[in-house]
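Notes follow once the structure below has been shown.
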Amino acid sequence: MEKKKVVLAYSGGLDTSVAIKWLQEKNYDIIALCLDLGEGKDLAFVKEKALSVGAIKSYMIDVQEEFANEYALMAMQAHTLYEGKYPLVSALSRPLIAKKLVEIAEQEGATAVAHGCTGKGNDQVRFEVSIQALNPYLEVIAPVREWKWSREEEIAYAKENNVPIPINLDSPFSIDQNLWGRSNECGILEDPWAAPPEDAYEMTLALEDTPNKPEFVEIGFEAGVPTTLNGTAYPLSELIKTLNALAGKHGVGRIDHVENRLVGIKSREVYECPAAMTLITAHKELEDLTLVKEVAHFKPMIEQKITELIYNGLWFSPLKQALHAFLQETQKNVTGMVRVKLFKGHAIVEGRKSEYSLYDEKLATYTAQDEFNHDAAVGFISLFGLPTKVYSQVNQKKVEA
């Protein structure tokens, strides 16, 4: 019987390594796919590990710049903070992983793709909805969801099948990281009353260990895109990683969040997003300077919907594409410089300037240079308040009657 091909999203961890053996038993040839999303680790060994475990082919693709420009950038411009806190670190990477799974599957003539998600997380939804949107004819296999093993049973299976056991298996935490940030759950973090231990963090310093002097950074934007940091031009992925180090040193971007998952449960996770939080803060301030009032007041409603769509795995939905078009239109004049003070866990904007600034000092000042027409206020107030005045007159007459 001829074996079918399946492309597996491979991380090098226990779950996806065991999945290779499990899929082999189901008569599949496995093609492993690992993506470098900017987690800051050497992933060459992951490619080789997949082959040693049993994959017939293994890909390791650097997608950092694609992730930065086509995924993280939109999240920054839309100020995506799920439930006001979470910058969608993991949610942003899933549609890109799904896209590459489909591309490799079509290239290799595979009939199926597979992922290592459990049956109680958001990621299974994000992967499978994205894959269905890109190629509805591919079979999607979720080994971890299907086998329903305990951790002990999974380890026993790995030992029986000579699957290497990761040296960090005794770590209580489940971690996902890319250049937009780091998420951490499980272990003591499952108790929402327990303070996160310091070893739960990697990208940021504790406030007690941060410098006692602030550091200032100037971020340059062109049409809504961060392009320079302290006067130096960077590709977006490098700018984000550089800012991660700068802001992380000052403890910026630590987030402790009890969130409402898509699958109906609450979970407690700890996030580190130093660059994401700094860029979102700076970008919002530049928009305040350059967007007209009507757009500035309407855009947050669109941002909320974009955030929900991304969190819920609907990156490739028609609505998300339509809202993205609106978002891009708003960014044409978001060009300028923002000065940010990094200090003791805070990214504080202390200055902003733009050639497209709608702030006119001669209209705003209270000095002798004031050019605002104060006499125009009388007529404006009369017309602006007229509906309220008429309503009051009518209802007072009824009361008197």
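Placement of Cβ uses the backbone N, Cα and C atoms for every residue, glycine included.
The model shown is predicted, which means the values in this text are computed figures rather than measured ones.
Swiss-Prot lists ALA9, TYR10, SER11, GLY12, GLY13, LEU14, ASP15, THR16, SER17, GLY116 with the feature ATP binding site, giving sequence analysis as the kind of evidence. Swiss-Prot lists TYR86, ASN122, ARG126, SER174, SER183, GLU259, TYR271 with the feature L-citrulline binding site. According to Swiss-Prot, the feature L-aspartate binding site maps to THR118, ASN122, ASP123, an assignment based on sequence analysis.
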Please work out the number of neighbouring Cβ atoms within 10 Å of the Cβ of SER11 (ATP binding site), leaving out its own Cβ. 20
Using a 10 Å cut-off, grab the number of neighbouring Cβ atoms around the Cβ of GLY13 (ATP binding site), all chains included. 17
Can you count the other CB atoms that lie within 10 A of the CB of SER174 (L-citrulline binding site)? 15
GLU259 (L-citrulline binding site) and THR118 (L-aspartate binding site), compared by Cα position, are separated in whole Å by 18
Using GLY13 (ATP binding site) as the reference point, find which of the binding-site residues TYR86, ASN122, ARG126, SER183 has the shortest Cα-to-Cα distance to it. SER183
Apart from the site residues ALA9, TYR10, SER11, GLY12, GLY13, LEU14, ASP15, THR16, SER17, GLY116, the 8 Å Cβ neighbourhood of the ATP centroid comprises VAL18, ALA19
What is the interatomic distance between the Cα atoms of ASP123 (L-aspartate binding site) and ALA9 (ATP binding site), given in whole Å? 12
Kindly assign SER183 (L-citrulline binding site) to one of the three DSSP-derived states: helix, strand or coil. strand
Closest of TYR86, THR118, ASN122, SER183, TYR271 to ALA9 (ATP binding site), Cα positions, binding-site residues only: THR118
Measuring Cα to Cα, how many angstrom lie between THR118 (L-aspartate binding site) and SER17 (ATP binding site)? 15
For ASN122 (L-citrulline binding site), the number of neighbouring Cβ atoms whose distance to its own Cβ is within 10 Å equals 20
If you rank the binding-site residues SER17, THR118 by how many other Cβ atoms lie within 10 Å of their Cβ, the lowest count goes to THR118
